[in-house]
């Protein structure tokens, strides 16, 4: 407040506006509060010498109330109301502030210079294509030509055979045979010539003369290759018991395989696991003879205008190619020649980014992509593609990708700024960046173009970065190595994201805070003239009293007083001066609980003034709210009416909320530089494929189901066949008959031998031998009997009857010998001779039947002649003797 008697100083317009707002709020506050009742709860007794104002506003002299007059019965006392306020709103401390004497003076600090608000980095939006190191090998189709040579040594026993050794080797197919036989006719020679221990050796299939054998498709084929061969079965030598025999098998194999080669492409490996120490790009065309090779010149041949033939269908290719053929000690390999550029590229495209922001951070660029959640750091100097070895594909693929993305997304809203730029980022990533400019800022195109030109390497033209250099590389080239993990770029993206957000937020807060303090300093300087005590207290941080001493403030420390030691009077009228009233309530207080009572006047914000000089003319309709303790007291017509808590008065906040943007959520997506398939396929040799092919080789080019059993007579038949084969057509015809007869004999003998080798057959043969021995014994006895007594042996029954008939005669007397009949004896002899003739005729007829028809007829004629012979000279005997009759 200004000193008394001095005119009010001129206030600036912002201060006047602020004071007007405060005054309007002060006038609105009583209206917002509850209107006092007609019969207030605590209406003080008016003094007798103070007049009560009427409705017209003219005051009537009425006596002033006493200093501590009590209220009427039935109304709450002021002390009780204050106690309720303190119990409800909490305790509040009062302060007694003595007037400052000028012993301590203070001044406000001058405005400070504020930091500049961060205006952000120089961002450039654009399209990016990120390239990585190409770890995939160069793959191409190759054809292997070789002959599997197998020499087996077998020992044959009587009942079994045993392999004593197997020699296996591979021999290359000569160039002439590949061109004139395999590719021209689909056949292969049955011989194999190869060098081992510096000596040339020749193997003949089946140990026979050289001939052409047709190639047939392999029985089992893989998804990536085909194969052809000439024979399924291994040749085994002929069986000769107790001798060692040798047999040779030559299997000509043509196999399509996959070949791989990795940087620097000095060698390649076949899917079978065989290494070829020659660059796949070696040849005699376009300067390719400078590529690496480890073989002599006569082992390599390059054929122009080569038409490859499909050995399965016999069809010839429609277009000719340049064919490379190389002979190694084990095989011959052929492949289609191709130039090194652009067949291979040391870089490959990794990601296409539709939105890539490029920000300047000191001497580096940071390329950020929200889609990839990554930030790549690169030098601000462009990277020349001519420094990368075999990178012709980068410029072509980058331009194609940029043009495709631009036409799809930015064709109607943006324009391209300059050419595609290339930057080598940390981790070995090559970024092809195409800056874009929106159509709204197209007028800045020239400025941006000039800026881009200044960033180019010294001495470079505008098309150098986008257009690959000449085919001849500079003397020193390098290969970009890309890390297998991109986590560092993702961490960089996270750090940049948080750093950008926090730095922008804190920078703007610091700038706004500084500017606010400087602006508030002006208000503080003007407000201290109105209420220096409040300004000084707010500035110092504790309750003080202050007054202006020119351009400085004199301050004094306030003494705190407990709320229980403060008593408020319920009337603010001045008894001695009619028409004059106190502008603020009167209070009595004690510094200590048992100290003397001191009179004072309630100031602002619970300040107790030791002087009661705050006066004003009494007015009609007086209503005031005064802060007392933790609440408010309401005075109406200069008398206490009732109390209010702070919550009963509508609060108008002067606090300015600090609206800070929270850090936005961001989800990381899985990101791989190289997939599992790329890592698996990055090696020069695929061991899985090698093992699969090696184990499938026997199934593809050999018959594993057919079993050849050793034949002891194979040598005999082979010799006979060779003998009759050399006699021409007649010899072959005779040979068939002889071979049939010999085969029958051998089969019979083999059948008997097989029967005897059977246990049941041996038992049967043993029984037959015993039966034969028994029959021979009985036959021998019969022959001996026949020699001793033919009649008894031949006619045992007749002899027995004759013997029984002659027995009585012999036993009847001595005259028996004399009675012997000579005629009967002669008849008996005749009968024996007749029986011998009959037996001879039967034997003759039996032999004639065996000899044939002519002999049988001769026997019949002889029989007829014998039957027509003269009648015998004897007659049959009668049953009774004539002498007896």
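Backbone N, Cα and C atoms are what each Cβ position is placed from, and that goes for glycine too.
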- Which one of these stretches, 697-717, 718-738, 739-759, 760-780, shows up in Swiss-Prot as transmembrane segment? 760-780
- Item | Matching range for Swiss-Prot feature annotation, motif 'Internalization motif', among 866-869, 870-873, 874-877 | 874-877
- Query: With Swiss-Prot as the source, which of 826-829, 830-833, 834-837 is set down as motif 'Golgi targeting'?
  - Reply: 834-837
- Query: In Swiss-Prot, which of the ranges 431-454, 455-478, 479-502, 503-526 has the region 'Disordered' annotation?
  - Reply: 455-478
- Message: For the annotation region 'Involved in fusion and/or binding to host membrane' in Swiss-Prot, which listed range does it cover: 215-222, 223-230, 231-238, 239-246?
- Response: 239-246
- Message: I'm trying to understand the geometry here, so how far is the Cα atom of residue 114 (disulfide bond) from the Cα atom of residue 345 (disulfide bond), in Å to the nearest whole number?
- Response: 55
- Query: Which whole-number value in Å describes the distance between the Cα atoms of residue 97 (disulfide bond) and residue 618 (disulfide bond)?
  - Reply: 27
- Message: Same chain only, sequence gap of 6 or more: which residues have a CB within under 8 Å of the CB of residue 558 (disulfide bond)?
- Response: 95, 96, 97, 98, 542, 543, 544, 545, 607
- Count the other Cβ atoms sitting within 10 Å of the Cβ of residue 618 (disulfide bond), across every protein chain shown. 21
- Query: Which one is it: of the disulfide-bonded residues 252, 514, 581, 618, whose Cα lies the shortest distance from the Cα of residue 345 (disulfide bond)?
  - Reply: 252
- Taking the disulfide-bonded residues one at a time (114, 188, 345, 514), which has its Cβ surrounded by the most other Cβ atoms within 10 Å? 188
- Task: Specify the secondary structure state of residue 393 (disulfide bond) as given by DSSP, simplified to three classes.
- Result: helix
- Same-chain residues at least 6 positions away from residue 581 (disulfide bond) with a Cβ under 8 Å from its Cβ, in sequence order, are 572, 573, 574, 615, 616, 617, 618, 622, 638
